[in-house]
Structures are given as C-alpha cells and as structure tokens.
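Heads up, the thing below is written out as structure tokens.
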Amino acid sequence: MVDSVYRTRSLGVAAEGIPDQYADGEAARVWQLYIGDTRSRTAEYKAWLLGLLRQHGCHRVLDVACGTGVDSIMLVEEGFSVTSVDASDKMLKYALKERWNRRKEPAFDKWVIEEANWLTLDKDVPAGDGFDAVICLGNSFAHLPDSKGDQSEHRLALKNIASMVRPGGLLVIDHRNYDYILSTGCAPPGKNIYYKSDLTKDITTSVLTVNNKAHMVTLDYTVQVPGAGRDGAPGFSKFRLSYYPHCLASFTELVQEAFGGRCQHSVLGDFKPYRPGQAYVPCYFIHVLKKTG
C-alpha cells in the first residue's frame, strides 16, 4: 500500500514483513561511510551506554538492529558478550567482515552474528534464560512500517523483543523526535547524538499522510563520498530511508504493553532525563525499560 502511494527505497525484503531498505547494497555502503566506525561514535553516547549497562550489571547483550555492527563492535571491545542480529544481509556483511578480520581475538571469535526477523525473533534467536540487556538504537525500530494500518506488527515485534529480556534485565530502544517532525515538517535542530559524521551535506524531511494520519516520514540524504568524483575528487551520493513516525505518548504505551505492564520505564531526551514541556528540544527519545516480572 505504501509503495503504491509513495516510492520508498525498499528494493527488497530480507525477512518477511520487514522491508530491507539497504537491499541493493549501495545504501548500505554509503550508510557505512556516513556513520563511520566505533571512533565516529560520540564520546557522550559511548559513555552513556557503557555506564548504563555496567550500572545494571549487564554482560550478555542482544543487539536486535546491529546494522553494520558499529555498536556491537564497541560492546565486544569493552568486554560484553554480544549477539547481533539484523534483517538486512547487506548490512550484516560489514559486521561479518569485521568479525572475520579479528577472529584471532577471543572476544570476536565468540561474537554471534545472525540474520533475524523481529516478527519471528522468539523463534530466530535462542534466548535461553534471557539477555541482560537488549538494545535497539539509532531509530532502527522505525524502519518497520505499519503495513496493516493497525500497528499489529509493531506490537508483535515489540512483544518478541521484550521476550528476549531476562527478569531484571533492560530494554533500551529509541526513536527520533517525530512529535517535532510532524508539527514542524523538519527535523529538530542539533547534531546527531550518536555519530559525528562530517560527510553529510543535506537531509531533506518529507511527511506522508494517509487518511489525515501521518503514515511515513522519509529522510533524503545527500552524502559526500570521498574519491567518488572525477579525478579522485569527492562525489555525492543520494539515498532515501523511510520510517514510521512513532510519537512519544503512543510509543510509550506500545513498549509498556510489550512487557504486560511489568516494567520500570524512564524516558530520556538525547541521554538526559526528559520532562514534557522542557525548553530543550531533543533529537531522539530513548526508552529504558527494566523488566520486573
């Protein structure tokens, strides 16, 4: 339905129900350049995530949207036992390549990487007694569209993700500030909190409404690619990514419902405690849920 109204970059499907917007490989390649490696992660993000996991005694971590593996690599390097999954094989190949290149390091030899589908995650990933922490960051969950129009697939995916968390464990999941995007038509001001890319030249935001309801947000990226132009000069690559616009209040209900209400839930705005009506407009909302039952 979405594609008949508005053309996205969903050129293939890596796992049933989840469109792979990186299926042609080109977007995955440019995205890898765009986000960089672990050195491109902001110091604030790294300190926050590592501090949160260590504060709660987490060791066994499931990254359910690992992409090229940049966060998983950081966690492996920091001594965590990591299982990494993604629906896009084009993205996973970068993580698999890194594991192969560093296979002589015991931590990387033990790093588990699998292709998996959020809609069948409980069958795709053996959770055992559950993971100490499950992370789904970088606006990843918003890649899952609402193809049926009732958010039933969102509910199923979140229920499966929550089932991976052991009692007392954490789910850390985020989304962009779509409340601001839908009210203004553009992304919030401020730099990306996750990575410090110097290759971005432009990001154009578009909102698609269906029956007066926001159905999809698209971000059109123009990225400078070193050596892609004539005579080795920088060139430019454009690609589009499409997202479901999760607003804060409705997503809060969804994630709490995924735990059957048995959770402690806090919301951060760009790594800081968020208060509705505050002056600072965050780029991302981060939900931290501790499973209590």
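Backbone N, Cα and C atoms are what each Cβ position is placed from, and that goes for glycine too.
Model, not experiment: these values are computed from the prediction.
Record features (Swiss-Prot):
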BINDING   Ser4, Tyr6, Arg240  (6S)-5-methyl-5,6,7,8-tetrahydrofolate 1 binding site
BINDING   Tyr6, His215, Arg240  (6S)-5-methyl-5,6,7,8-tetrahydrofolate 2 binding site
BINDING   Tyr22, Trp31, Tyr34, Arg41, Ala65, 86-88, 117-118, 137-140, Arg176, Tyr221  S-adenosyl-L-methionine binding site
MOD_RES   Val2  N-acetylvaline
MOD_RES   Ser10  phosphoserine
MOD_RES   Tyr34  phosphotyrosine
MOD_RES   Lys46  N6-succinyllysine
MOD_RES   Lys191  N6-succinyllysine
MOD_RES   Lys196  N6-succinyllysine
MOD_RES   Lys201  N6-succinyllysine
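For the binding-site residues Ala65, Ala87, Leu137, the greatest number of Cβ atoms within 10 Å around a candidate Cβ is found at Ala87.
Residue pair Lys46 (N6-succinyllysine) / Leu137 (S-adenosyl-L-methionine binding site) shows a Cα separation of 12 Å.
In space, Asn139 is the closest of the recorded positions Ala65, Asn117, Leu137, Asn139, Lys191 to Arg240 ((6S)-5-methyl-5,6,7,8-tetrahydrofolate 1 binding site), judged by Cα positions. Rounded to a whole number, the C-alpha distance linking Asn139 (S-adenosyl-L-methionine binding site) with Lys191 (N6-succinyllysine) is 15 angstrom. The Cα of Lys191 (N6-succinyllysine) lies closest to that of Arg176, out of the binding-site residues Ala65, Ala87, Asn117, Arg176, His215. Classification of Arg176 (S-adenosyl-L-methionine binding site) by DSSP places it within a strand. Secondary structure at Lys191 (N6-succinyllysine), as computed by DSSP, is coil. For the recorded site, Arg240 ((6S)-5-methyl-5,6,7,8-tetrahydrofolate 1 binding site), the DSSP three-state label reads strand. When the recorded positions Lys46, Arg176, Lys191, Arg240 are compared by the number of other CB atoms within 10 angstroms of each CB, Lys191 has the fewest.
In the structure as shown, the Cβ atom of Asn117 (S-adenosyl-L-methionine binding site) sits within 10 Å of 20 other Cβ atoms. The Cβ neighbour count for His215 ((6S)-5-methyl-5,6,7,8-tetrahydrofolate 2 binding site), using a 10 Å radius and every protein chain shown, is 20.
Just so you know, the Cβ of Asn139 (S-adenosyl-L-methionine binding site) picks up 20 other Cβ atoms within 10 Å once every protein chain is counted.
Across the structure, Leu137 (S-adenosyl-L-methionine binding site) and His215 ((6S)-5-methyl-5,6,7,8-tetrahydrofolate 2 binding site) are spaced 21 Å apart at their Cα atoms. Note: the Cα of His215 ((6S)-5-methyl-5,6,7,8-tetrahydrofolate 2 binding site) and the Cα of Arg176 (S-adenosyl-L-methionine binding site) are spaced 15 Å from each other.
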